[in-house]
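As given in TrEMBL:
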- C564-C591: disulfide bond (DISULFID)
- 146-346: domain 'Peptidase M12A' (DOMAIN)
- 379-513: domain 'CUB' (DOMAIN)
- 564-673: domain 'CUB' (DOMAIN)
- 678-791: domain 'CUB' (DOMAIN)
- 67-90: region 'Disordered' (REGION)
Amino acid sequence: MLYTALEDVLEQTRSYSNEKVPQFLSYLKPMEAGHAFDFSEEGDDRNYNTGKPLVIEQYFNPYSYREEKRRPHKPLELPEMPRIEDQEGQEDEHMTKEMMNHLGFEVTNLLEVNEGKLYQMDMLIPKEQMEHVMRDLETNGTEGKKAIKDTQYHWTDGPEGYPLVPYTFADTKVNRDTCLKAMDEWTTHTCVKFETKQGSAAEPHLKFFQGNGCFSYIGRIWFFNGQYISIGKNCGLVGGLLVAVGHALGLFHEQSRPDRDEEVRVNTNNILQSSRFNFDEAKLNSINNYGVKYDLTSIMHYRAKTFYNGGLTLSTVNPLLQELVGSMDKLSHRDKLLVNRMYNCIDKWVKACGKSADPCKNDGYLGVNCTCICPPGTCGDYCQYQIEGYYDAYLSGCSENITVASTIQSEDFPNPIPPGVKCTKWIIAPECHQVELTFTNFAMYPRIQCQNNQLCCYWDGLEIRTNDPYVGTWYCANEIHQGRKFIHSGSIILYYHTTSRYSRGWEAQVRFLPIAGCRTQGKAGTEKPVLPEELTRTVLSGMTIFSLNTAVNKLLPPKGDSKCGLLEDLGNVYWNSPLFGFEKYPQNSSCFFTLVPNSPVAVKVKFDYFKLQPRARGVCVDSVDLVEPFSQETRLCGSQTSKILLPSSAFTARFASDKYYNYQGFNITFEPQSNSACHKIINTAAGEAGMITTPNFPSFHGRECVCEWWIIAPANKKIKISVEGKKIGRCSENYLVVDLQGSRSYYRPISTRVCGEKNLPISLLSSGNELNVVYKSMRNSKGFHIRYEVV
């Protein structure tokens with residue numbers, strides 16, 4: 001996926017000199033093994049430097065150069081790096097695997113090699129290919145896409161009917177095992193085949209050699225009798241080779257796609273000035289995305305600090321996804337999907353499997369074994385069930401929204417942060433409040449010299465964003481003293497990463513301070529409203545069970561009782577499978593209960609224990625189903641540990657087992673969340689008008705946002721609402737449901753659901769004097785505002 005306008009490349013590269021090339025010395029290390037230093041709060045930053053500071057400008061900036069007479073280019077002999085495999089289990093080694101991965105090609109690669117100038121740090125584009133691209137640009141428009149479109153740069157089919165890529169090893173220095181692993185990865189997940197050729201093949205083919213850095217041509221260079229893939233020293237890891245082979249198959253980098261702004265922001269001021277062209281958006285019709293969505297986890301994506309001069313060069317639109325940028329060392333689902341579409345693999349497999357069309361849904365695809373290859377977040381034989389977002393499976397679990405006063409800290413604090421941690425804490429203040437962040441501890445690895453002799457937090461650091469959601473100030477060493485406060489209205493975003501083992505970490509207190517004179521929209525109150533008469537209820541401390549066929553207010557059921565157990569205690573509801581704690585749940589067993597709220601409240605679902613029959617061919621047989629507003633279902637089976645947040649206590653939970661297997665069962669806690677800033681009752685007067693908004697509106701509210709409002713008018717009045725915003729998002733993850741009868745049940749027949757694309761604005765009128773609104777969003781969205789009026 002890289003699609004910068006190539007018409008600028010020739011002009012850009014004319015100014016580059018190959019005099020000054022990056023040299024990565026074997027003594028590059030954060031500290032000598034066993035070196036100790038003081039992490040006390042009052043320590044001087046100078047205590048952390050071991051000898052003379054490393055000047056990264058000299059070794060890390062491949063584009064700094066002197067105005068001297070050009071000399072013939074000579075290959076650079078790089079000293080051997082510490083080997084990754086030697087570091088496993090050796091805690092005294094100074095260079096961690098995460099440090100090695102942190103360096104990137106822009107550190108180890110040259111500006112120019114014997115074969116030509118490198119474009120966007122690791123791509124060679126011959127003159128003939130460039131001229132073809134320019135002609136295509138002139139005749140076919142300016143729509144940027146993702147992979148090379150011209151099929152003459154695609155590898156042709158071999159005797160078996162699948163694309164065949166011949167290759168040779170051009171010298172004996174190449175790590176053949178690593179090359180074979182990379183090619184095998186592409187072969188395993190696509191229909192592309194690689195075939196070794198002995199000697200010099202008289203046809204286009206790949207030639208692996210140990211050159212200066214890592215680089216490759218783009219696609220099959222049909223006018224060459226062999227094209228080089230360089231596997232230079234210090235870049236021969238499988239992840240780097242996957243990128244090089246991906247280029248050879250016809251893939252560009254990811255982050256310059258024209259649609260990148262939906263996922264990332266390019267922080268131009270943080271990019272080395274001579275390298276900014278690497279982030280230009282493409283305006284070419286010679287490359288194609290084949291309908292594949294942008295992918296932060298693509299193997300072809302730049303890292304967040306590529307070509308940086310002290311700060312992040314790439315920030316995610318959703319701050320909670322920052323840890324994913326360029327962090328993968330394997331092919332993503334969308335990488336595989338792109339190449340399979342590009343080389344018509346799926347059509348070939350569909351035909352071989354005797355099918356008329358690909359039956360797979362949600363960007364899944366039919367694989368070589370005639371089964372669907374499903375993307376993360378989906379399940380089912382045909383990937384038809386969307387159970388979570390595409391990125392959720394890749395997240396570490398440490399990134400989170402902070403919406404209540406609490407103590408936050410780095411991973412494993414007060415122990416040192418493990419290497420490789422990337423984490424975001426997004427602190428969001430309630431309406432009419434501001435964030436106060438007070439640090440009680442802070443100690444991270446110190447700065448080293450980077451571009452233009454400036455000190456930067458290269459190995460480890462914490463970024464604090466206040467005024468700008470994408471760019472903040474970086475801190476490391478002891479630069480944040482105990483008691484230092486950061487105060488800001490709206491939100492504060494903390495992002496930290498580590499590559500060394502030498503950062504003790506940080507701890508801070510979060511409070512939300514009222515803003516003087518600020519008034520919330522509408523009249524929020526806690527007065528208990530009049531409940532619909534048709535619902536008979538038994539009040540259980542804020543939640544009501546009105547329809548059930550399970551035991552209530554009992555402890556664990558006695559042995560032999562086939563019913564589920566249900567207990568309310570201190571506001572929580574505890575639910576367990578039949579015979580839980582005594583025996584496995586019986587076959588052909590079922591039970592359910594339904595809750596409706598006495599006040600707007602979100603519910604956190606905690607799986608204290610959960611072990612049901614695993615999926616059979618991707619389908620849940622024995623299952624627990626959570627039915628949310630408008631009959632939105634989440635089906636669970638197998639093992640479950642992560643928590644689920646429901647936007648309202650208007651839900652149904654049901655359990656069913658089949659006649660074949662039984663397992664240990666489940667014990668689940670339903671815990672009301674009383675600290676939400678957007679779960680409110682709004683009591684109105686005749687003729688009153690007002691507005692309610694999602695948190696942080698019109699800015700992004702963050703991922704996993706839930707809200708519920710009850711608008712109550714005087715008797716014989718109705719409520720008119722107008723919902724305005726950009727969009728709600730895909731119905732599988734996001735929805736706005738309006739109960740027009742004010743029943744608080746959000747039943748499908750009496751409610752309206754808003755989700756999907758191009759669905760706003762919308763106007764609705766209640767059937768009585770109450771109207772209920774519930775909102776759930778699993779995506780980072782700007783949300784919406786609702787104008788209401790009593791009529």
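Every residue number used here counts from 1 along the chain in the order it is shown.
From the backbone N, Cα and C atoms, a Cβ is placed for every residue, glycine too.
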Taking DSSP helix as H, G and I and strand as E and B, the domain 'CUB' (564-673) has 3 helix, 60 strand, 47 coil
Using a 10 Å cut-off, grab the number of neighbouring Cβ atoms around the Cβ of C591 (disulfide bond), all chains included. 21
In the domain 'CUB' (678-791), how many residues does DSSP call helix, how many strand, and how many coil? 3 helix, 56 strand, 55 coil
Across every protein chain in view, the count of C-beta atoms other than its own within 10 A of the C-beta of C564 (disulfide bond) is 28
Give the residue counts of the domain 'CUB' (379-513) per reduced DSSP state, in the order helix, strand, coil. 6 helix, 61 strand, 68 coil
Mean per-residue pLDDT in the domain 'CUB' (678-791) works out to 88
